[in-house]
Each structure stands twice: as C-alpha cells, then as structure tokens.
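Novice: Per TrEMBL, domain 'Major facilitator superfamily (MFS) profile' is recorded for 12-458. Residues annotated as transmembrane segment in TrEMBL: 9-31, 51-73, 85-106, 140-158, 170-189, 259-277, 315-337, 364-391, 403-424, 436-454.
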Amino acid sequence: LRSLHNKRLYLAVFAAVLGNFSFGFALVYPSPVIPALEAHPSPALRLDQHTAPWFGSVFTLGAAAGGLSSMLLNDRLGRKLSIMFSALPSALGYALLAGAQGLWMLLLGRVLTGYAGGVTSASIPVYISEISHPGVRGMLGACPQLMAVLGSLLLYALGKYLWLVLDWRWLAVAGEVPVLAMILLLCFMPNSPRFLLSQGKEEEALGSLCWLRGEDTDYAREYEQIKDSVRKQSRRVSCAELKDPFLYKPILIAGGMRFLQQLSGVTCMLVYLQPIFKKTSVILKPEYDAALVGLVRLSAVAIAAVSMDKAGRKILLFVSAGVMLASNLTMGLYIHFVPASHNGTVANTTLVSSANLPAGPTNYITLIPLLAAMLFIMGYAMGWGPITWLLMSEILPLKARGVASGLCVVVSWLTAFILTHFFLPVVNAFGLEVPFLFFAVISAGNILFTGCCVPETKGRSLEQIEAFFRTGRRSFLR
C-alpha cells in the first residue's frame, strides 16, 4: 500500500504521458485546419480534394516510420531516452507548420510530428508498464490514452476560439508547449528498472526501483523478482526462437489488436470529424460537435482508467467493441436510408468541399449522426483505445519488448495511413455510408478476437504474465 501512495511514480508517469498529449494534439490538427486551408488566399497553401487527403493521412505515415525506428531506439537508448528523443522531430515539425510558406512545409511538418508520435506510441506504454506497480498498472496504463484525448480536446477548443482571434498557425505554436514541458520533466525521472537490469546496471536499477516505490517499502523483494526474470531473458531473440509460442503468441495478439483497433475507423473519425459533421449536417455547428465528442471521449477514458483494475481488461474490450459495432451500423444505415433532404447531405459534393458549405439544418433527425459519433468515440475510449496500448506493453516478453512494441506501432500506423488516405476518395466515389458499414464489420471481428485470443491480465505482475505464455498454464493468471 505504501508503494501505491508514492507520489514519485505518478510524477514519472505524468512526465512521460505529456508526449501522448502532444501526440493527440498533432493527430487531430487537420480537423479545424483543413477548412481554413481550403479557403486560404495563397495558392501555395490552399488545399483541394487531392491535397487534403495527403495533409490528413501523411501524419500516420510518419508515425509508422517512428514506430519502425523505435524498434532500435527502445533497446539502445532505453524507454525514457527514446521518449525524450521524440521531442526533437516534434518541435521541428510544429515549427514548420507554424511558419509554412508552401504545401511541402505543411506535409513535412505533419510527417515529423507523426514520426514523434510513432516513437512515443511505442515507448511510453512500455515505460509506464515497466515502472508501474501491478495494483495500479491498469489505471496508469490508461493515462497515455487519457492525455491523448486531452490533447485532442485542447486542439478542438483552440481551433474554435484561438483561430477566430489570431490565425491557424498559432495552433502549431501551442503544440510546442507540452513538448518542452515533457523533456524538462523527464530529465529528472529515472529509467525503467527492467531496462537498466538488461544493460547490466544493477545498482542504478535498484536505485530506480527505490525511487519509484519509496524507501520504506519492500522494493528489494520486487527487485529480486525482476532481476530473476531479466536473467532468464538476457540473450537477444534469434530467428529460431520466434517459433516458440512464448514469443510469437503475445506478438501476434498485440499486433492483431493494433491492426483491428485502426481498422475500426477511429483515426478516420478523429482526423475528418468536422468535415463528416458538415457532410451529414447535424443540428449543431461542426466545431461544437467536435468539442462535444472530445468531452465524451475524455469521460469514457476516465471511466476506463478507474474500472480497468476492477472490472478487468476483457469485459471492457467486449463492451467497447459492441458499442462501436452499434454506432458504426447506426451511422452507415442513417446515411444510406435517410433522404438527403432530411440529413442535409448535398448530392455530388465531396467530403472536403462540403466543409465550406453553410450549415443550417432544421430537422432534429440530424442529431442521429452526432449521437452515433459520440457513441463510437465513447465505446472506443473505454476499451479498444487504452487497453490495446496497455496489453501491448503487458504481454510482450521482456527480451523482445522493445522490438515487438515498435513492430506493433508500425502495423498500427501503416493501417491508419491506408485508411485515412483512401477514406476521402472512397467517400467521394461510393458514399459516406460505405466506410462506416465496413467499420461495423470490423467491430464484430473485434468481439470474436477478444473472446478467442486475449488473456485477462488484471492484477498480475509482468513476470506472471510471461510465465503464462511460457507454460500455457492459466493458473498464473488466476
């Protein structure tokens, strides 16, 4: 109990998840900026239906590259230094966006902020998992998603109010603040004890665990357990060892969850949220709709953080996938069956160009897409959002954790790039209902995947989870 009350652990987690705050801010940056750039007076910066998809999707391509490089960074620099390293491309990317004089600067800025997001996506969950006490690992493991939501919500708020007063460039300037705060705080935080032991730095690892747990706790016993686990996995992974279920099963589960998480359509929803609301002409202005959805997402992640260590991971995953299935199905069927005169959709108008149309619906049936979007974001945020990141860091074996987490991030963001890049062309060619019906099918697959493949890790140490995959005995998880 004294370990759980040690405030230093929570300070270290807060310092790390500031990277996720910046990531959430950068991810939804196009939502309010695309409409502004479509109406920009300068031809060099003006976006059209061909360049807007690149501006929205190239972030995820950078994130995939960041995840790929983190496979090396996590094991060479360590988790903490990898997170600190991400501040450099992030700060440079925001500077390019703030001072952009042409389309290439906008796209390069998006790639760099995406690269930083890919590095933090692979490093922060692992860092938090390795420094956390098992009793609060679920709650702390939800913090990256919580901070990403806060970053997105701040972007929506600034996109509504700051842009009206100043200019869209100031949104990029505001993104620099959490990056600088993160790197300053992390300078005073310890590295992961498990990583330090894997590097042979036993005294430094013991000091790190003492700092994280408190001097008057039984941290020495936990240290010996971690040391024994690290000693068993001291060698690097060979190609022959990948045939061992101890390695390939958790890697396939983590990679499968990241793949299905993106296929459920969350990145498309977040990046193109305001244009989607313009297209469906809900009864409120898209700026207010986006902020409302952000608030719902924030409350759902908070619920997940509180209940994850009590209800368990799997039950929240089941509920989350069921809610996403219902909301995607509702959105797709609404757009398909409700006449254009009722839902406000303008025929032969692209999703991008519809963002510039005046919104003045009078039919309250147009609340349905808003409620469906809120339901989708709530379902995602209470399960498949935070738990996917948490389980990735929990079930991956220590000897492959750095490489495997980077691989999972690459799978995730390559999938996100393909979806976000082709989302607008598919909508323009086949209609807005087609991607939502596809996302509904994927959500049904998420339910089956959870039931068949995902283990329950609530209240178990990382060593117990590794023992389960090594032996196949579920008694280690009971």
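Yeah, the Cβs are placed from backbone N, Cα and C, and that goes for glycine too.
TrEMBL annotations: computationally assigned, not manually curated.
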Novice: Please identify the stretch among 9-31, 140-158, 170-189, 364-391 with the greatest number of Cβ pairs below 8 Å relative to the transmembrane segment (315-337).
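Specialist: Result: 364-391.
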Novice: Okay, the transmembrane segment (85-106) and the transmembrane segment (140-158): do they have at least three CB pairs under 8 Å, pairs separated by 6 or more?
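Specialist: No; fewer than 3 Cβ pairs under 8 Å.
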Novice: Over the span of the domain 'Major facilitator superfamily (MFS) profile' (12-458), how high is the average pLDDT in this prediction?
Specialist: 80
